[in-house]
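Visitor: According to TrEMBL, the protein has these features:
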type	residues	note
BINDING	Gly383, Gln384, Thr385, Gly386, Ser387, Gly388, Lys389, Thr390	ATP binding site
COILED	122-226	coiled coil
COMPBIAS	1-12	compositional bias 'Basic and acidic residues'
COMPBIAS	29-39	compositional bias 'Basic and acidic residues'
COMPBIAS	88-101	compositional bias 'Polar residues'
DOMAIN	282-638	domain 'Kinesin motor'
REGION	1-51	region 'Disordered'
REGION	87-108	region 'Disordered'
Amino acid sequence: MEKDNMELKMPPDKASSSQLPVLGLSAKRGLDKENVPEPKKKRARGPGTAATIAISHPRVPTMATMPRVKKQEAAQKATLKSGPWHTTAANTAVDPTTTRKGPSKRPAWDVKGQLCDLRKEFSACQEQTEVLTRENRELRNQLGEAEQHTKTLNAENKALKAENKALSGELSEVQVQAKQDQLELVKLGARVLELEELLHNQEGLIQSLQEEQLRLQAERRDLVIQLEVQTTQLQESTAALAKSQAEIITQAALLAERTEHLHGLEMERRYLHNQLQELKGNIRVFCRVRPALPGELEPPSGLIVFPPGPNGASDPPTRLSLTRPSDDRCSIIGGLPGPPVRYDFSFDRVFLPGSRQNEVFEEVSLLVQSALDGYPVCIFAYGQTGSGKTFTMEGGPGGDPQVEGLIPRAVRHLFSVAKKLQGQGWSYTFVASYVEIYNETIRDLLASVGGARKCQGGECEIRLAGPGSKELIVTNARYVPVTCEEEVESLLHLARQNRAVARTTQNEQSSRSHSVFQLQISGKHMGQNLHCAAPLSLVDLAGSERLDPGLSAGPAERERLKETQAINSSLSTLGLVIMALSNKEPHVPYRNSKLTYLLQNSLGGSAKMLMFVNISPLEENFSESLNSLRFASKVNQCIIGTARSNKK
Ligand code: ADP
Ligand code: MG
């Protein structure tokens with residue numbers, strides 16, 4: 001468009017002078033070839049075709065757009081400048097043959113001829129003018145068409161540009177969208193990968209779940225089979241159980257019957273056992289002669305003899321005879337040695353020096369059992385110091401089980417029998433205490449070692465356990481519940497330690513004091529609503545030896561004499577109490593000594609008492625042995641009334 005405008009502004013002279021003849025030629029050619037309007041073709045070809053037309057047009061509009069006057073002037077100027085001959089090309093175009101025979105060959109005088117030529121030329125010019133006019137018209141038409149076409153093209157171009165712009169906009173939008181889509185695509189690609197991975201995982205999971213399912217199904221099948229088997233078994237078992245239950249009910253009834261019967265038997269046993277014990281005597285005296293110890297002078301033969309029983313050696317020994325050697329005093333008086341004197345004694349049982357601890361306990365065990373049946377049992381060891389009392393009650397040194405004494409053996413026996421009686425519905429509890437009575441003072445042997453050796457927290461006094469109770473207890477002394485022999489053993493160990501301390505600090509007090517081990521036994525039979533309680537007392541008495549009054553001179557001796565008197569007093573009180581009980585005297589002097597007062601409940605009518613009289617085999621101890629045997633004999637003659645079990 002701009003190109004067109006520029007060409008239109010060009011100076012008209014240049015355009016006309018240089019282009020007019022060519023225009024004619026080109027106009028011809030244009031008519032033939034280029035200037036034939038082909039609107040349909042151009043429209044079809046679009047912008048490219050329009051550009052071709054725009055290039056070929058300038059020569060046409062130069063003339064076409066000139067004003068008519070200017071065109072004529074231009075034509076005249078061209079004629080004048082070049083003369084009529086100058087337009088050879090135009091003439092040649094009209095008639096080339098006449099142009100070769102031009103005016104140059106006419107003589108000057110041939111005016112006619114020249115006129116003729118001019119006329120010809122004029123007519124040619126006229127023709128040419130007509131031609132040109134025609135051409136001009138055609139060109140105008142063409143120009144009009146071209147302008148129209150250009151307008152159309154411009155409109156098209158404009159539309160195209162608008163379209164182009166719109167498309168560009170669209171394109172950029174599309175590009176932005178494409179970019180976004182691409183990003184989205186990338187994202188989607190990543191997401192797809194992610195999902196694929198997830199899918200893969202899920203597939204793996206599904207596979208494993210499927211496998212698990214298969215496994216579980218198989219397991220389930222097995223379990224179903226097992227269940228069926230077990231259901232069958234259960235049904236069988238239920239049937240068997242029902243049968244068993246019926247049997248159990250029968251058995252339970254039988255058991256109850258038998259338990260009742262057993263209980264009856266047990267009560268009968270207790271009764272018979274007690275009868276037996278009573279037949280043996282509620283007060284029994286056993287004599288035990290210890291062997292001579294290493295380093296001691298062997299006693300002369302015949303000093304102590306053990307006469308056999310009526311059935312000979314098969315009878316357990318019950319007798320012993322002491323034969324006093326010749327009396328020197330007699331020889332002085334009479335001039336001759338006095339005859340030996342024999343003292344015969346008979347007891348419930350006599351244990352020879354060789355007797356072992358278990359043999360001794362065998363004789364005692366049934367008596368101990370009476371304590372479980374609810375009869376108070378009291379066992380004493382009486383004798384001079386060194387005669388074997390402690391050995392008999394507690395045992396020998398070194399913790400050798402062979403030489404264990406009555407206390408550990410009795411306790412073990414009680415625990416074992418109590419356990420058996422559990423099966424018959426009896427349950428037992430045991431509470432242990434261990435005190436010693438020195439010079440009418442009570443001390444707790446279970447107090448902590450190194451303590452004041454007195455009772456914990458104050459003086460030990462004998463008191464009633466409670467108002468209305470007949471049970472006696474020692475205040476401030478320990479009463480330890482025990483459930484097994486080990487516990488009792490540790491208590492005995494503690495007591496031994498306490499006594500050992502006393503031995504060093506208080507001049508052999510242990511042999512000068514009575515030690516009293518007591519086990520409070522209580523049993524319950526829930527089914528029969530029975531209750532029994534009784535103490536088992538095992539007493540290691542103080543040495544019974546008398547002190548020679550001639551020897552007591554200094555304060556130590558006087559103290560010793562006082563001790564001895566206290567011992568003798570308590571021992572004689574014991575004898576008196578036994579006598580009083582035996583003689584059924586209205587007053588029993590229990591309170592005359594701490595020992596008898598403490599043992600009051602173990603010595604009464606229902607109680608069973610056993611006294612060991614321990615004898616030294618030595619000749620030097622003859623007199624003391626005799627005294628002990630005499631005391632024991634007195635006791636042995638006592639019969640305490642029918643024992644009654646402490647049953648409630
Ligand atoms: P007591 O307590 O009467 O003073 P012991 O029991 O302490 O006398 O005995 C004194 C010594 O004799 C101790 O060494 C003890 O081991 C020993 N003994 C006592 N009786 C026997 C016995 N039957 N067999 C062996 N040794 C004994
Ligand atoms: Mg002793």
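The backbone N, Cα and C atoms fix where each Cβ goes, glycine too.
Heads up, TrEMBL stuff is auto-annotated, nobody curated it.
Each of these features: where is it, how hidden is it, and who are its neighbours?
Guide: There are 28 other Cβ atoms within 10 Å of the Cβ belonging to Lys389 (ATP binding site).
Taken as a whole, the domain 'Kinesin motor' (282-638) shows an average pLDDT of 86 in this prediction.
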Visitor: For ligand 2, list the binding-site residues among Gly383, Gln384, Thr385, Gly388, Lys389, Thr390 whose CB atom is within a distance below 6 Å of it, in sequence order.
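Guide: The ones that qualify, in sequence order, are Lys389, Thr390.
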Visitor: Per DSSP, Gly383 (ATP binding site) is which: helix, strand or coil?
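Guide: The residue in question, Gly383 (ATP binding site), is strand (DSSP, three-state).
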Visitor: May I have the list of same-chain residues other than Gly383, Gln384, Thr385, Gly386, Ser387, Gly388, Lys389, Thr390 whose Cβ is within 8 Å of the Cβ centroid of the recorded ATP site, in sequence order?
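Guide: Everything else in range on the chain: Arg290, Ala381, Phe391, Ser511, Gly543, Asn614, Ser616.
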Visitor: Among Gln384, Thr385, Gly386, Ser387, Thr390, which binding-site residues lie by ligand 1, judged by Cβ under 6 Å to any atom?
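Guide: Among Gln384, Thr385, Gly386, Ser387, Thr390, near ligand 1: Thr385, Gly386, Ser387, Thr390.
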Visitor: So, in DSSP terms, is Thr390 (ATP binding site) helix, strand, or coil?
Guide: helix
Visitor: For Ser387 (ATP binding site), what residues in its own chain, 6 or more apart in sequence, show a Cβ-Cβ distance under 8 Å?
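Guide: Within the chain, Ser387 (ATP binding site) has Cβ neighbours under 8 Å at Arg290, Gly543, Asn614, Ile615, Ser616, Asn621, Glu624, Ser625, Ser628.
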Visitor: So of Gly383, Gly386, Gly388, which of the binding-site residues has the fewest other Cβ atoms within 10 Å around its own Cβ?
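Guide: Selected from the binding-site residues Gly383, Gly386, Gly388 on minimum Cβ neighbours within 10 Å: Gly386.
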